[in-house]
Amino acid sequence: MINEILDKVVRLLEEVRAKKPLVHSITNYITATDCANVILAVGGSPTMADYVKEVEEIASISSAVVLNMGVISDGMVESMILAGKSANKNNVPVIFDPVGAGVANFRNESAEKILSEVKIDIIRGNISEIKFICGLSSETKGVDASESDMNMGNDKKAIVAQELAKKLNCVVAITGVDDIISDGKRNVILSNGHKMLANVTGTGCMSSALCGAFAGASNDYFIAAICAILTMGISGEIAYEKSKGIGMGTFHTSLIDAISMMNENIIKEKAKVTTINR
């Protein structure tokens, strides 16, 4: 099964470069540039429009829509819901990144409102955010997962991912030291990445943007999420090796470089994928 998954990941890497999907990303001003750059790096075409009077139209002609709650406001929530509904109407996949869910009441209410009005195809977050969305008690550290949540075993995280995937009828990606991806039936653990990724603002947001790029070129959103998270994790490892002893700026640049150079040989040499039978 793992070889089959990796074959599909490799094909999708090629397809996204051939199709150049338009990815409509409503994200935050902290990470917008990096999100746009990683979409470009894998072969997609980003648009970052968030004005309420144009998001419906742009979402309707896009290949994927990414909704990111990094910086939230009444106007941003309205734009996200309008874009999401337009995407649903036009069979465009929607990726949701509930940044900081569980931190504050307005953010929590916003996440719940988006989920109640928009059909989500992929939801990506850390374990604390996903536990909150799943209706479980969770602790957060700003927009980061709490230490107690991060210390949950992979088996328990997989149960959370699978249950939420069934509940929302979508793909769930929990990212962390190990990444858990589930569509409610298929479940995998991805063990790539490097701790330096946590020291760069927005690598989670970039992962969600990559989910949009790959979902925009595929009907299998489980494989799209795997492709996105593997690309980020492996690129983090490569970037660390290239920037070791130099500094964070070089790591950041090397990360984008590695994403842009991802290919079949790198995937098949470095991917660490484990299936979970549940």
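Note that Cβ sites are derived from N, Cα and C of the backbone, with glycine treated the same way.
In three-state terms derived from DSSP, Met48 (substrate binding site) belongs to neither a helical nor a strand segment and is classed as coil. When other Cβ atoms within 10 Å of the Cβ of Met48 (substrate binding site) are tallied across all protein chains shown, the result is 18. According to Swiss-Prot, the feature substrate binding site maps to Met48, Gly202, an assignment based on sequence analysis.
Under DSSP, Arg124 (ATP binding site) is assigned to a strand (E or B) in the three-state scheme. For Arg124, Thr175, the entry in Swiss-Prot reads ATP binding site.
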Worksheet item: Expressed to the nearest Å, what is the distance separating Gly202 (substrate binding site) and Arg124 (ATP binding site) at their Cα atoms?
Response: 13
Worksheet, complete the sentence: Here the 10 Å Cβ neighbour count for Thr175 (ATP binding site) comes out at 27
